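Data block below; observations after.
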Ligand SMILES: Cc1ncc(COP(=O)(O)O)c(C=O)c1O
């Protein structure tokens, strides 16, 4: 049964996605743009975001797993897809048949891709210093030579990923860039002529020298700024709910589990039917506001599984009044960054964790 009452919903502004991607493309004018849509587009919905990104000029889409890439293909996306982090049991044949480019970090992966049948398009990953996946520099020449000699693969690119690009002065980026250049020289010496890609959002915004042939922005496309300098990015996600019940209570009444907050005066409380099952972290209890009736108002007492209570003072909201939990921040409403700062995390985690069965999604600015 679906209810028309706005219980917990994220709105995704596809015009904001298009604006941000256009901005990122303009910052890397000589490069193709690979829009990173892994993890269901950081919680924004892979398919609508992929379509909006392509409309705004992305000629590549990046996913973590082959399953994510195949879901986009099956939904009719014809753009080049690149998938980079699969588990050892994955069926590469399905990816090759669907024309998905594959990230390769080791001789073992290369052998499995070559044995999968068909001619695979591969991107060889050099570990330049993040020390997650990727081929260590000491094993790189062997991987590159094996790939160059393997007729069942086409080496499309070499690539790597940056560890600290969100801190523009961090010396690790230059070291990674140096190792990437050395890896490229080795690939050229092996007779390859691959594309290169290295830049995440932060490097798109701050390191034009690292843009190379393709850039791979993620977070900035969603409107969240990973670098210290101001950028004209528009956060695409707004998390909303609505007032479900209003009541006047007297001074001295305690609110929600544990009675951690007591009304200091007679006040009006608004019940909002969104809780930690809907993505409102319980650990924000006592230190979060919502946007209600044109201003910020504090959440009173603990956030519960399904609901929270807002202290409205002498403001009398109506049932059904909109409540914004976080949004772009342009009116003064809380933002995903504000939640992240309070929680000691990053805004990536806040938006990505909004992919929840109980939270409806609504797309604004849909064209197709
Ligand atoms: C390999 C790779 N490239 C690009 C990105 C995009 O990074 P960001 O969201 O910081 O732009 C990610 C995200 O973590 C990634 O894993």
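Note: Cβ is positioned from N, Cα and C throughout, glycine not excepted.
According to TrEMBL, the features are:
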ACT_SITE  38  active site, proton acceptor
ACT_SITE  257  active site, proton acceptor
BINDING   132, 305  substrate binding site
DOMAIN    236-364  domain 'Alanine racemase C-terminal'
MOD_RES   38  N6-(pyridoxal phosphate)lysine
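Features as recorded by TrEMBL, highlighted on the structure.
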{"residue": "38", "record": "active site, proton acceptor", "CB count, 10 Å": "19"}
{"residue": "132", "record": "substrate binding site", "CB count, 10 Å": "10"}
{"residue": "257", "record": "active site, proton acceptor", "CB count, 10 Å": "13"}
{"residue": "305", "record": "substrate binding site", "CB count, 10 Å": "11"}
- Message: For the C-alpha pair, I'd like the distance in angstrom between residue 132 (substrate binding site) and residue 257 (active site, proton acceptor), rounded off.
- Response: 42
- Query: Between residue 305 (substrate binding site) and residue 257 (active site, proton acceptor), what C-alpha distance do you get in Å?
  - Reply: 11
- Taking DSSP H, G, I as helix and E, B as strand, the domain 'Alanine racemase C-terminal' (236-364) contains 23 helix, 46 strand, 60 coil
